[in-house]
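A.B. asks: Sharing a structure, written as C-alpha cells. Questions coming.
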Amino acid sequence: MNLPSLHWIRPDLLWTIIPLLIAALLLARQSRQQGAWHKHIDPSLLPYLLDGQRSDKPARSIALLLLAALLAWLALLGPAWQQAPTPLYKNNEGMVVVLDLSPSMLAEDIQPSRIRQARFKLRDLLQLRQDGQTGLVVFAADAFVVAPLTDDVNTLLTLIPGLHPGMMPQTGSNPLAGLVQAKDLLDQSGGNGKILLITDGVNEAQLKGLKSFLKDSPYTLSVLAVGSRDGAPIPLPDGGFAKDNSGNIIVPALSSSELKALASAGGGEYRELSLDDSDIRALNPDAASLAESSQDPSSTSSDRHFDQWKDAGGWLALLLLPLALLGFRRSWLPSLLLPLLLLGQTPQANAVEFDALWQTPDQRGAALLDSDPAAAAEQFKDPAWKASAQYRAGDYAAAAESYAKLPGSDAAYNRGNALAKAGKLDEALAAFDEALKHEPDMSDALRNKKILEDLKKQQEQQQNQDQSGDGDKQDKDQQSQSSEQENQQGQDGQQTPSDQEQQGEQGQPQSDQEQSEQQNSNDQKEGQTPPNQEQPDSSPQEQSESSAEQKKAQKEQQDAEQRQTELAEDYAKQAAEQQAAAAEQKNDANPDEQSEQTALAESQQPLSEEDQSKEQWLRKIPDNPGNLLRNKFQYQQQMRQQRGNQIERENYAPY
C-alpha cells in the first residue's frame, strides 16, 4: 500500500462521520453516568461515598463499539490504492438471426450448397460476436425458434450442424413469419436489437407484406444473400430435381433486387455471401471493430480499457470479525443482531417462488436438461419436452406414456423407441404401426420395425428350439406311463368339450371387440376429412370452379408433402452418416477406452443368449440428438393447426 496513491472511491459519504461523532459523545457521557446514585447524590461527592472499585467494563465495551463503527465508516468510504483495467465499452445489443430453410437452400450453385455455406457463415458470425446476446430463428412454410436470445455462443454452435430443410414440418418459404418471431424475441428482451435475415430471395408478392411489417418495426433489418443470379436446380434424394406442376425443373435464382429493397426498407445493410469475412464484418461492425482492436498488437490498452480503482473496503470489513467475536462474548452484539436476523429470515420456498416469477417451468427444465434430465422431466410442463427428458434420463416407460399423449407420427415413432428400450417389443411394434399409419413413408419407423420383427422371430425360434428339447424328454416319459394315466387322459378328453365351450365364450367378446375397434377406426378415417373439402350449397358452375380450385390446392399440398418427405429422408440419412462417422472417429481415437470397456464387460456377469441378442438389436436403433428440434417443430406445428392458425397465401412461396 502506497499512502500517496491512496484514493477514496466514495468521498461524498464523509458527512456520515457527523452522526458517528454524536453517537460517540452520547456513549461517553452515558458511561460517566453509570450507576443509580448519581440521580440522588451530587456528582462531586460520589467518589468519596463509593468504595472506589469502579468497573471499567462498560468503558471497554464502548471503546470496542466505537472502533468497529470507525472501521465500518472507513470501509464505506471505499479506500483504494490500486487500479485495474476495465473494458471501455460493452455491447449489450441483441441480434436475432433468421435463417431460411426452404427447399431452394439445397441448390448447389455455390459449393457445396447454399444451406451449408449459410451454416458456415452463421458459425463465423457467432465466433465474431464477443459480446451481446444472439438468438436464432428458422423458417420454411412457418417459422420456429431454435434458441432465444442468449450470450452462450457454444450452445448455438452445437445447434448449427443440424439445421437442414428436411427438419421442417412443411416445405415452403415464408420470411414474414421468421421476422415476426424475431421481433417477438427482441420485444421480450426489452432492449435494443437488430435482425439479420440469411436467405436466397423473396418474390414481389412477399415483398409487399415484408415492407409493411418493417414500417411498424422498431428494429433494423440487414440481409445476407446466399446464392447466385444464375441459380441451380433443387436436388432430390433420389437423384432427380424438383419440378413444378407443369413438369419443368425449378431453378431458383438469387433475387438481389428484392433483397436490396428489403434491406433498404429495414434501415440495414445488404451483403452477398463472400469467400472471406468481409460480409459478416459489414453486417456487424461493432463486433468487427472490437475483434480487430483485441487482435491488433499496435493498439494500446488505453484504446480499449480505462483504469478503475479497486475497492479495498472489503478488507477493512474483515477486521470487524474479531470485534464481532468479542461482542458475542460480552453478549451485547447478539442483542443488536437478533432483530435483524429475524427480519432477514425468509423461507426457502419463497426463494423458489421468486425464481418462478422470472422463469417458466419449461425454462427451468431446459436449464437442467443436459446436467440432470430426471429433474428436468419433473419441471417440464410441455409434454414433448417432458417426454424427451424422460427418455434421456432412461425412464423409458414414463417416456412412452408421455409420448402416447402426443398426436402425430413422430410421437408414435418416439413412443415405439421408448417401448423398445424398455423391452416391450409387441407394444413397440404397435407404436411403429401407428406411426406408419399416419406417415406410411417414414423410413426410420420402417427400419426400426424391421429390426424388432427380426428380433422377435429370433426369440420365437429360440423358444421353439427349447420347447422341442423339452418335448423329446416328455415323449420318453410318456412311453413309461401306466394304464391309470391313460384313464386319466380319457377323463381329460371328456372335459375337453366344456373347455372348448369356455374358449368359445372367451373368444366371442374378443371378436366383438375387434369388430368394434375396426368400426372405430373406420369412423376415425371418415372423421379425418379436411374441412376445406366441405362444399357449400352453390350453383353448378361455382361448384365446378370450387372443385377445380380444391383439386389444384390438393395437388400442390401433395407435391409439397412429397418434397418434404424426400427432404426428411435425406436429412435422416445425412444425420445417420454423421453419427456413424463420429462413432468411427471416436472408436479410432480411443482404442484404450475400448479395451477397458471390453475388459470391464468380460469381468461382469455374462448375459444370456436372449439378452445378448436383444441388446445387439437394440443398439442398431439410431439415437440421433438432432431429431429433438425436428420433433419440437412438428409438435408446435400441430398445436398451431389445432388453434386454427393458417398461413397467409400472399406471404407463402412453394420454394
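Even glycines carry a Cβ here, placed using N, Cα and C.
Per TrEMBL, the feature compositional bias 'Low complexity' maps to 479-522, 534-547, 573-584. Under the heading compositional bias 'Basic and acidic residues', TrEMBL lists 548-572, 611-622. Sequence annotations record features per position, and here TrEMBL assigns compositional bias 'Polar residues' to 596-607. Marked as domain 'VWFA' by TrEMBL: 94-290. Sequence annotations record features per position, and here TrEMBL assigns repeat 'TPR' to 409-442. Annotated transmembrane segment per TrEMBL: 12-28, 62-81, in sequence order.
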A.B. asks: With Cβ-Cβ distances below 8 Å as the criterion, list the same-chain residues six or more beyond the ends of the repeat 'TPR' (409-442) that contact it, or say none.
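C.D. replies: Same-chain contacts beyond the flanks: 384, 387, 390-391, 396-397, 399-400, 403, 448-449, 452-453, 455-456, 565, 569, 614, 618, 621, 623, 630-631, 634-635.
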A.B. asks: Looking only at the repeat 'TPR' (409-442), report the model's average pLDDT.
C.D. replies: 86
A.B. asks: Mind tallying the repeat 'TPR' (409-442) by DSSP state, helix then strand then coil?
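C.D. replies: Secondary-structure breakdown of the repeat 'TPR' (409-442): 27 helix, 0 strand, 7 coil.
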